[in-house]
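Student: Dropping the structure in here first, questions after.
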């Protein structure tokens, strides 16, 4: 792995966050538990929404797609992480690393864009309730989701193709658990200025513009809520947005901890922040959305009761 320029057929070594066998065992069980909780939580959300016709609304349509994205997101990284934590062979092929990177970038982008669309849905529901049914028609919902997928696929494809132009020299040891773009760029020995430029340009378009849109949407939502005369009405309106606002804060907070810093200062200590957005956020989303949501509680109850009844009969 050391010395010289290396071809596309070579491998990277994912050394993880620690080389201590004891710490690796702890990390294995921790990530396995988090993965199982994430899968269970997101699958239950998807099944509850799809099985209950009362939840066939734009808000829950996008929530189900967000859960699907989170499910795919953790499955892209955690299984390989678990294998590496239990194995002496920590190699990942060049093609495997780029494939993992592509899905990582695409799914983070998809999460971000779906959150922006969900903010628009809440804005229309609270600020323009009389026009909600026509404004958020099934056709528009499918169109918005399709655009989210198109932009996400393109974003991941652009940066993955740019990564194929990067030359890696010397050690290909990645002191982390999966192929993350900043760690890969730190191993480059060729000129990566174009990667920086495109990353900044596309990042502003894909992340900062949706963030600005969400901030503007919630500013209008807050103004609309403050104009509601009754305290009960204010509470009900705010409760429909609180969970989404919490998820947005968690998503952008952890993402900002990783990417809002110069590439040269990026180090393994920042891997904790990467774990936050790559593992913790997808795990927490189902709990945040269902914590005080009576509709989700009811749908989950009916789903589980139906499964139990089927077993009895």
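Just so you know, glycine gets a Cβ as well, placed from its N, Cα and C.
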Student: If I look at Swiss-Prot, which residue among 65, 195 would I find recorded as N-linked glycosylation site?
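Tutor: With Swiss-Prot as the source, N-linked glycosylation site is noted for 195.
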Student: With reference to Swiss-Prot, is residue 57 found on the same side of the membrane as residue 221?
Tutor: yes
Student: Swiss-Prot tags one of 81-100, 101-120 as transmembrane segment - which one?
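Tutor: My reading of Swiss-Prot: the transmembrane segment range is 101-120.
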Student: Can you check which of 121-139, 140-158, 159-177 Swiss-Prot lists as transmembrane segment?
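Tutor: Checked against Swiss-Prot: transmembrane segment maps to 140-158.
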Student: Do the transmembrane segment (272-291) and the transmembrane segment (197-219) come close, with at least three CB pairs under 8 A (pairs 6 or more apart in sequence)?
Tutor: no
Student: Among the disulfide-bonded residues 97, 189, which residue has the fewest other Cβ atoms within 10 Å of its own Cβ?
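Tutor: Counting other Cβ atoms within 10 Å of each of the disulfide-bonded residues 97, 189 gives the minimum at 189.
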Student: Between residue 189 (disulfide bond) and residue 195 (N-linked glycosylation site), how many Å separate their Cα atoms?
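Tutor: It is 13 Å, counting Cα to Cα.
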Student: Using a Cβ distance cut-off of under 8 Å, indicate which of 58-79, 101-120, 140-158, 197-219, 237-259 has the most pairs with the transmembrane segment (26-49).
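Tutor: Going through each listed stretch, the top one turns out to be 58-79.
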Student: For the transmembrane segment (197-219), name the stretch out of 58-79, 101-120, 140-158, 237-259 with the most CB-CB pairs under 8 Å.
Tutor: 101-120
